[in-house]
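S.K.: For reference, TrEMBL lists these features for the protein:
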type: BINDING; residues: H210, H246, H279, H315; note: heme b binding site
type: DOMAIN; residues: 49-163; note: domain 'DOMON'
type: DOMAIN; residues: 169-370; note: domain 'Cytochrome b561'
type: SIGNAL; residues: 1-26; note: signal peptide
type: TRANSMEM; residues: 241-262; note: transmembrane segment
type: TRANSMEM; residues: 282-299; note: transmembrane segment
type: TRANSMEM; residues: 311-331; note: transmembrane segment
type: TRANSMEM; residues: 346-369; note: transmembrane segment
Amino acid sequence: MGKSLGALIITGFLLFLSFFTSPSQAQTCNGLALPSNQVYSTCVDLPVLSSYLHWTFHQDNSTADIAFRKTGTSPTNWVCWALNPSGGRMVGSQALVAFQQANGSMTAYTTSIDSLGPSMRPGSLSFRVSNLRAQHSNGETLIFATLHLDANLLSTNQVWQEGPLASGTPSMHSTTGDNVRSIGTINFQTGASTAGGGASNSRLRKRNIHGVLNAVSWGILMPCGAMIARYVKVFQVANPAWFYLHVACQLSAYIIGVAGWGTGLKLGSDSVGIQYNKHRNIGITLFCFGTLQMFALLLRPKPDHKYRVYWNFYHYAIGYATIALSITNIYEGFDILNPEKKWKSAYTGIIISLGVIALVWEALTWLIVIKRKRAVGSADKYPNGGTGYGHRTQQNA
């Protein structure tokens, strides 16, 4: 059993380390034909949201003719592409927005993103934009424009986004998954483009670290520690080793879990206006329950103490509640982080494996306990021998 649990722990840890890698989008912009056979000197595949950027830079007047292309759109969505000289984030972006109106015509305008809840109303930018137009056909939206670039915009940050329309106006986009990864840099002169701004990469890395730490600690180590306490202690040869294994496993889970909880607090403080209340509240509850279990270890009565039965009830109740909440919150985290589906499936496979192991050992340990009780009962009933002959002889005597 110890080997099975150890293998699961190691497998889980290696799987969740894979969150540090991000899926890349295949290079396809060179094979995409633009309407009216328009040709641009440079194109890049933006890494998320099925988007592409084409441009031609004119050195003589420092202008760039651009075409932003978003595939897989619908008439109920808006799209935008923006430059942000102030940093790799949405706030401060100078954006080009486009969407289809109810009558089928396209609207394209400029707007400055000045907060996490912008009005998205038309407004002027910090640089001049001309020839702005948009079109929608065959499930894709294109924004065309000529940018009149200052020196500080020749190499800067770019942001692109999509979101739903509400009553014909752009409303809040998703704040999870690819919608928080749609940031990069662009150099109009050299044609260089990179995925992810510095702040965005740092935040995404923190989110991944938060997810890995909590999945391994609360989601794998904690259930394994509980299984050790419930099943390994049945074997007399494992006493008292099972207790120290149980404490080591749960203490490791708590320490790693507190580190994960701390990264979550930091992420919350760095993401003003973005809240995941259910995930946060369950996380706070888990921290409280875990801390109570640590105090329970210090206040544990001796086995023959009159209050031990109450301590046992408290310890078991808090422990199993912690495990249930942990698994629930990890799936909440999956929905927020929105990694590739295979990682959620991998964790589900680990939990199912632990469940199957628990069921097998539950049945096995019950058989051992029942057999042991029968043996003790037989010894009490027939103290002079297993057949009962001597017992009956004494009675007759």
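Sequential numbering from 1, following the chain as shown.
Cβ atoms are placed via backbone N, Cα and C, with glycine included.
Let's see these features in context: how buried, what's close, how far.
M.R.: A sphere of 10 angstroms centred on the C-beta of H246 (heme b binding site) encloses 20 other C-beta atoms.
Across the residues of the domain 'DOMON' (49-163), the predicted structure has a mean pLDDT of 90.
Residues 214, 218, 247, 250-251, 253-254, 257-258, 261, 264, 311, 314-315, 318-319, 321-322, 325-326, 328-329, 332 of the same chain lie 6+ residues outside the transmembrane segment (282-299) yet bring a C-beta within less than 8 angstroms of a C-beta in it.
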S.K.: Among H210, H246, H279, H315, which the record lists as binding heme b, how far apart in Å are the two most distant Cα atoms?
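M.R.: Result: 27 Å between the two most distant Cα atoms.
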S.K.: Once near-sequence residues are set aside, which residues in the chain of H279 (heme b binding site), 6 or more away, have Cβ atoms under 8 Å from its Cβ?
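M.R.: Listed in sequence order: N329, E332, G333, I336.
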S.K.: Where DSSP helix means H, G or I and strand means E or B, what are the helix, strand and coil counts for the domain 'DOMON' (49-163)?
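M.R.: Per-class counts: 3 helix, 67 strand, 45 coil.
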S.K.: For the binding-site residues listed here (H210, H315), which one has the lowest count of neighbouring CB atoms within 10 Å of its own CB?
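M.R.: Result for the binding-site residues H210, H315: minimum number of other Cβ atoms within 10 Å at H315.
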